[in-house]
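First up is the structure itself, then whatever we jot down about it.
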Amino acid sequence: MNRAPLKRSRILHMALMGASDPSGEAEASKEKPFLLRALQITLVVSLYWVTSISMVFLNKYLLDSPSLQLDTPIFVTFYQCLVTTLLCKSLSILAACCPGAMDFPTLRLDLRVTRSVLPLSVVFIGMITFNNLCLKYVGVAFYNVGRSLTTVFNVLLSYLLLKQTTSFYALLTCGIIIGGFWLGVDQEGAEGTLSWTGTIFGVLASLCVSLNAIYTKKVLPAVDGSIWRLTFYNNVNACVLFLPLFLLLGELQTLRDFSQLGSAHFWGMMTLGGLFGFAIGYVTGLQIKFTSPLTHNVSGTTKACAQTVLAVLYYEETKSFLWWTSNMMVLGGSSAYTWVRGWEMKKIQEEPSPKEDEKSSMGV
């Protein structure tokens, strides 16, 4: 049986709703040998880990490296959005020139669509800006804890905006995450490395990540359900909106005085950061496609743990037992929430609907 390729819009829907594609997974299991599927999953998960961890360390270098001494977080973020925009357009042109070589949607700037995507773009700008500002002011080791409240905001916004209630067990896992966050803040303060500025930016980044998922669901129909079109319009809007911020915050003068402005190494690292920013969206969708949303969340949590350990080793930091406990609470709470939500959705899918019960009682 031939099956149409899984659309990226479907992948995003599964990621947001926490639902997998059972029919697709079942067919894939029948069509591919176990060893081949295991190899594919290993490669995809490894690619996600390498891309995500590399992007965090590279952004930390660009935002807060003593060797660069470049205090222009808005410009760094703007440049990464510009690289993503140019890559999307280049791939669109390449796909049009070589239709059989690759599959990429045609991208043409439509002002009507641009306006439709604008509310999401504002949230998107907040998300990537606060992420980078958090990373600028806190260490890579604390970065995961600083942005750990996304799950909590998901639950809160689901109730406030969508009137969706959350089970006691899911709320309990959120309590563990909040406890881990506060313990982490306390231990950073005890070690004299706490940045309240970075922590506040981390909380705002968590809020924007949660809002981004909600607005993405609303805006997707405006771009025909295409993630690449949404990425293109989002980054075009971001480039335009970042320019006045770049000027108002005085970063233009800072950039003019930057000693390495003509350095090929500096622009190479900036461009590499943009490439990683572009790639992370693709490998995230790829990991969901080859595994499941549940596995993707578990992989992301495990990756965060590995990233924290690597950061402590790389920067030769010494952390207390309670500091590590805060990280384990955040990671454990996040994993537990993912498991609880997956179990609840599986239970709902397995329960017969009232109509089916009526048919069964009538002998139909």
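The backbone N, Cα and C atoms fix where each Cβ goes, and this holds for glycine too.
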Query = Of 194-215, 326-347, which span is tagged transmembrane segment by TrEMBL?
reply = 194-215
Query = Between the stretches 38-62, 74-96, 116-134, 194-215, 264-284, which one has more Cβ pairs under 8 Å with the transmembrane segment (141-162) than any other?
reply = 194-215
Query = Sequence gap of 6 or more, Cβ distance under 8 Å, 3 or more pairs: do the transmembrane segment (194-215) and the transmembrane segment (264-284) meet that?
reply = no
Task = Report yes or no: does the transmembrane segment (235-252) come within contact of the transmembrane segment (116-134), defined as 3 or more CB pairs under 8 Å with a sequence separation of 6 or more?
result = yes
Remark   = For the transmembrane segment (38-62), the distant same-chain contacts (Cβ-Cβ under 8 Å, at least six residues beyond its ends) come to 32, 68, 70, 76, 132, 135-136, 140, 143, 269-270, 272-273, 276-277, 279-280, 283-284, 286-287, 290-291, 299-300, 303, 306-307, 310-311, 314
